[in-house]
Amino acid sequence: MNKPRIFVAGHKGLVGSAIVRVLERQGGADIVTRSRAELELTDQAQVREFFRSERIDQVYLAAAKVGGIHANNTYPAEFIYDNMMVQANVVHEAWKSGVQKLLFLGSSCIYPRLAGQPIREEYLMSGALEPTNEPYAMAKIAGIKLCESYNRQYGTDYRSVMPTNLYGPGDNYHPENSHVIPALIRRFHVAKVNAAPEVVIWGSGRPMREFLYVDDMAEASVHVMQLDRETYGANTDPMNSHINVGTGQDVTIAELAGLVGKVVGYQGSIVFDASKPDGTPRKLLDVAKLRGLGWSAKTTLADGLGSAYGAFRATLDER
Ligand SMILES: NC(=O)C1=CN([C@@H]2O[C@H](COP(=O)(O)OP(=O)(O)OC[C@H]3O[C@@H](n4cnc5c(N)ncnc54)[C@H](OP(=O)(O)O)[C@@H]3O)[C@@H](O)[C@H]2O)C=CC1
Ligand SMILES: C[C@H]1O[C@H](OP(=O)(O)OP(=O)(O)OC[C@H]2O[C@@H](n3cnc4c(=O)[nH]c(N)nc43)[C@H](O)[C@@H]2O)[C@@H](O)[C@@H](O)C1=O
């Protein structure tokens, strides 16, 4: 019996690398990966050639143009173009080559800026999006509809999960373009090493965010992908098929800053730069659908931050 050949697109990234770890631990599959230099996913001809030459059975689509609030607000054209091209190429060429199962990773930013909390899957497109990441959100909404449309017209089994904010080993620590947790881990660490008197946090500190450790996200992704089609179909609406993935708990950015400072061992003070955007005031996901499908997050924020900081320090030791 041939092992299934599973393509993990974006395998070097935060989520992609965690998905590879889960699949390797499970065993029983041939995991296919390509670096961006080997396969530029915005290039339709390269993606077509890849799927034509490789016998791929399943795809985890964890490749995307990703970044925090500043990056989204600064590079809107790249966020909408790159993500629409990557998902359109991968979904279309996967279908053309006969790939039956695919998992698309969207984002919690697809929901209206002022959606009711916690946010249920059916709140999609019920109001205006958050301006700081609207292009990225539009691309992700299109990705969900792309999968649903191929399922309806061609009978594919392409599934979508909507992660909340993620963090953990393999994160992007870019000083400007990263998400809040890697940004604060780096900033508090540098402040501790330099005995700086204060650390600046962007915005008011009042927004609330839900944070899921990336290894939990990878477990949830494999869990959803491996649900049999009947179970998945019985619990999702083909026209509203995405599934939220989160912890069901959130904290203010000010509380998060305090937690990161404690984990890093920083003794100075925290100040807030109100000139920076807050973004969506809150985006806590309702995770009842996924819980009903047999999965819940395991890693607490305190434990996750400790592991993430350890992974960050390990990258410094490697230099
Ligand atoms: N991180 C988070 O907080 C959240 C992430 N998500 C979603 O999860 C998924 C994974 O995100 P995450 O792991 O954080 O992102 P990362 O940026 O860590 O990883 C993305 C990976 O995709 C690759 N990639 C990007 N564009 C291309 C391209 N055009 N061709 C080939 N490879 C490409 C990158 O390669 P390279 O580095 O060489 O460019 C990188 O290895 C994405 O769909 C994202 O939208 C959703 C919600 C929250
Ligand atoms: C996953 C999600 O991620 C993004 O949305 P976001 O959650 O707003 O992103 P963020 O993590 O960058 O910020 C969260 C909050 O934290 C505050 N904040 C404080 N200090 C820093 C700081 O130093 N860096 C950053 N990045 N934020 C900071 C910041 O002001 C904001 O209030 C989009 O990509 C969106 O499309 C998306 O999918």
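Residue 1 is the first one shown; counting continues down the chain.
Cβ coordinates come from backbone N, Cα and C, glycine included.
Listed in sequence order, the residues of the same chain lying 6 or more apart from TYR136 (active site, proton donor/acceptor) and placing their CB within less than 8 Å of its CB are LYS65, ASN72, PRO76, PHE79, ILE80, ASN83, SER107, CYS109. For TYR136, the entry in TrEMBL reads active site, proton donor/acceptor.
According to DSSP, SER107 (NADP(+) binding site) sits in a coil region rather than a helix or strand. Look at TrEMBL and you will find 10-16, 105-108, LYS140, 163-166, HIS179 tagged as NADP(+) binding site.
Annotation note: ARG209 (substrate binding site) sits in a strand segment as assigned by DSSP. Residues or ranges marked as substrate binding site by TrEMBL: ARG187, TRP202, ARG209, ASP278.
The domain 'NAD-dependent epimerase/dehydratase' annotation in TrEMBL covers 6-230.
Marked as site 'Important for catalytic activity' by TrEMBL: SER107 (among others). There are 23 other Cβ atoms within 10 Å of the Cβ belonging to SER107 (NADP(+) binding site).
Taken from TrEMBL, the feature site 'Important for catalytic activity' covers CYS109 (among others).
Counting only the Cα atoms, the space from ARG187 (substrate binding site) to LEU166 (NADP(+) binding site) is about 18 angstrom. The Cα atom of PRO163 (NADP(+) binding site) lies nearest to that of ARG209, taking the binding-site residues TRP202, ARG209, ASP278 as the candidates. For ligand 1, the nearby binding-site residues are SER107, PRO163; that is, of SER107, PRO163, ARG187, these have a C-beta under 6 Å from one of its atoms. Annotation note: PRO163 (NADP(+) binding site) sits in a strand segment as assigned by DSSP.
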